[in-house]
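Colleague: Sharing the feature lines straight out of Swiss-Prot:
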type    : residues                                                                 : note
DOMAIN  : 10-192                                                                   : domain 'tr-type G'
BINDING : Asp22, His23, Gly24, Lys25, Ser26, Thr27, Asn139, Lys140, Ile141, Asp142 : GTP binding site
Amino acid sequence: MPQPTRTDPALIRNFCIIAHIDHGKSTLADRMLQLTGVVEERQMRAQYLDRMDIERERGITIKSQAVRLPFTALDDVTYILNLIDTPGHVDFSYEVSRSLAACEGAILLVDAAQGIEAQTLANLYMALEHDLTIIPVLNKIDLPAAQPEKYAAELAGIIGCEPSDVLRVSAKTGEGVEELLNEIVARIPPPVGNADGPARALIFDSVYDTYRGVVTYVRVVDGQITNRERIQMMSTGATHEMLEVGVISPEPTKVDSLGVGEVGYLITGVKDVRQSRVGDTITSAAAPAAEVLPGYRDPKPMVFSGLYPIDGTDYPVLRDALEKLQLNDAALVFEPETSAALGFGFRCGFLGLLHLEITRDRLEREFDLALISTAPNVVYRVRMEDGTEHTVTNPSEFPSGKIAEIREPVVKATVLTPSDYVGPIMELCQGRRGVLDGMEYLSEDRVEMRYTLPLAEIVFDFFDQLKSRTKGYASLDYEPSGEQAADLVKVDILLQGQVVDAFSAIVHRDNAYSYGAEMTKKLRELIPRQQFEVPIQAAIGSRVIARENIRALRKDVLAKCYGGDISRKRKLLEKQKEGKKRMKMVGRVEVPQEAFISALSTESSGEGKDGKKK
């Protein structure tokens with residue numbers, strides 16, 4: 001078997017699998033591991049490459065992995081196939097683009113019973129932009145509901161090949177997998193690079209290991225990377241000593257060096273993944289390369305949410321937990337904030353809703369924390385009339401005074417749906433201030449619709465609405481596309497004239513009344529009755545737009561006046577009224593924790609279900 005150091009690039013094939021969740025990507029990877037014999041039968045477990053429990057449980061891949069598979073093809077030559085596993089979710093599209101940049105080809109894996117989905121389509125377009133060779137494959141042909149002929153024609157139409165070029169496999173039974181491996185060798189071009197030039201390697205993932213610090217996964221483009229040499233990160237200029245170089249097959253195996261086209265891992269003893277960023281170029285510190293590999297960018301958070309421990313004493317635990325998660329997740333940002341209502345917590349920035357959902361899940365599961373998260377927010381840019389600019393990630397930072405313009409982020413969304421549901425989807429998108437950019441029929445019963453939508457309208461419960469209006473058949477993909485000016489206002493919720501910061505929200509002027517009315521009504525049901533009347537108001541600035549009252553609890557002061565005189569009764573009632581008035585002046589409304597939790601969770605219920613969304 002060719003050694004990693006001395007493998008002829010002509011024998012290497014780097015490929016990834018593009019697939020929607022549940023279309024069988026991990027199962028296909030499992031079959032490949034078994035067929036090439038790198039995992040013994042007795043060590044095999046389902047979803048071998050998905051390491052995190054949450055990945056196995058939700059059936060999604062969050063971090064990329066890379067496995068080296070030796071495969072003897074029909075011509076009796078042993079080729080090295082590097083399978084680079086990619087995340088399939090829209091929040092992680094930058095990670096996907098870096099994984100694709102490390103490959104020369106991609107397997108487009110589609111469920112033969114369901115057809116292609118919006119995210120798969122988005123990742124396919126990304127693969128075509130990277131000039132990858134696409135091998136279309138229909139999986140699950142053993143299912144009784146499979147319609148391979150129909151979907152082969154659909155795939156052929158999208159990629160521009162013949163329906164007969166579409167391979168058919170069943171990852172579950174293993175049928176057609178060997179033929180697929182032979183096709184990979186035949187169709188995907190070998191990597192090209194300058195073996196004698198300065199070393200350049202692309203980082204496509206980095207993982208934090210408790211014992212050894214950060215493990216960085218790389219694909220060598222030019223030159224070679226040798227153990228024990230000093231390397232330099234080209235985006236930051238930082239240099240590190242290399243402690244170990246290796247390949248994964250599928251357990252880490254040490255080697256002396258990695259040559260052109262090889263995929264492997266490096267360990268430098270760095271303790272923080274933010275120093276080894278996905279998409280960065282690694283070069284030798286002694287003879288650095290001049291050109292950076294294209295496509296690197298810093299991950300920017302799109303959605304912000306406050307995370308607060310339900311038990312205030314857990315604050316330091318939450319801080320440590322976030323720092324630990326950040327070791328493995330360079331896109332997560334957080335800063336401490338306090339809220340009069342919820343106490344101490346953190347304002348966290350995420351790539352999208354699934355990222356938020358998964359981070360919250362991991363905090364609760366791995367660190368045993370009970371958390372409240374405030375409604376997700378996007379980043380607004382507010383320009384005042386005096387020319388100053390504010391960046392707002394939290395409604396409480398919203399400036400008061402004369403505002404010239406507010407700009408909000410927008411996304412280009414693609415919805416794939418059966419053609420019967422075009423009406424309800426248009427209605428939903430227009431209700432969310434969407435603008436239709438165009439629509440295309442992929443086949444007679446499937447439509448691709450393209451919309452420009454404000455990100456703020458998607459982060460709430462857009463996905464749930466989309467699924468419920470299309471009986472779960474539509475799929476959504478979106479990518480950021482700049483910002484637009486919008487007529488937005490901040491709605492405050494006041495309890496007895498005091499603003500409760502946790503419930504403030506920035507909404508479009510047209511939706512302000514419905515948000516205010518809904519929140520006041522909800523709080524009226526959740527806050528227990530006090531000894532005095534409590535007004536709940538929703539206000540924009542100083543203008544109240546909705547109000548509900550919590551009626552006072554009253555003691556029956558007339559119980560002991562049996563027949564008695566009316567003036568006696570009136571005296572007692574007046575006295576009670578006087579007492580209530582005094583109470584109202586000095587009384588404070590205690591909002592129970594449960595009321596916060598249920599008001600915030602119903603308000604951001606979009607998130608709760610959204611994690612399972614795809």
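A Cβ is built for glycine as well, from the same backbone N, Cα and C atoms used for every other residue.
Quick one: how deep are these features, and who are their neighbours?
Modeller: Secondary structure from DSSP puts Asn139 (GTP binding site) in a beta strand.
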Colleague: Show which residues of the chain containing Asn139 (GTP binding site), separated from it by at least 6 in sequence, have their CB under 8 Å from its CB.
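Modeller: Listed in sequence order, they are Ala19, His23, Gly24, Leu28, Leu109, Val110, Asp111, Ala112, Val169, Ser170, Ala171.
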Colleague: Other than its own, how many Cβ atoms are within 10 Å of the Cβ belonging to Ser26 (GTP binding site)?
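Modeller: For Ser26 (GTP binding site), the count of other Cβ atoms within 10 Å is 24.
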Colleague: Taking only the residues in the domain 'tr-type G' (10-192), give me the average pLDDT of this model.
Modeller: 74
Colleague: Do you know which of the binding-site residues Gly24, Ile141 has the most other C-beta atoms within 10 angstroms of its C-beta?
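Modeller: Of Gly24, Ile141, the one with the most crowded Cβ is Gly24.
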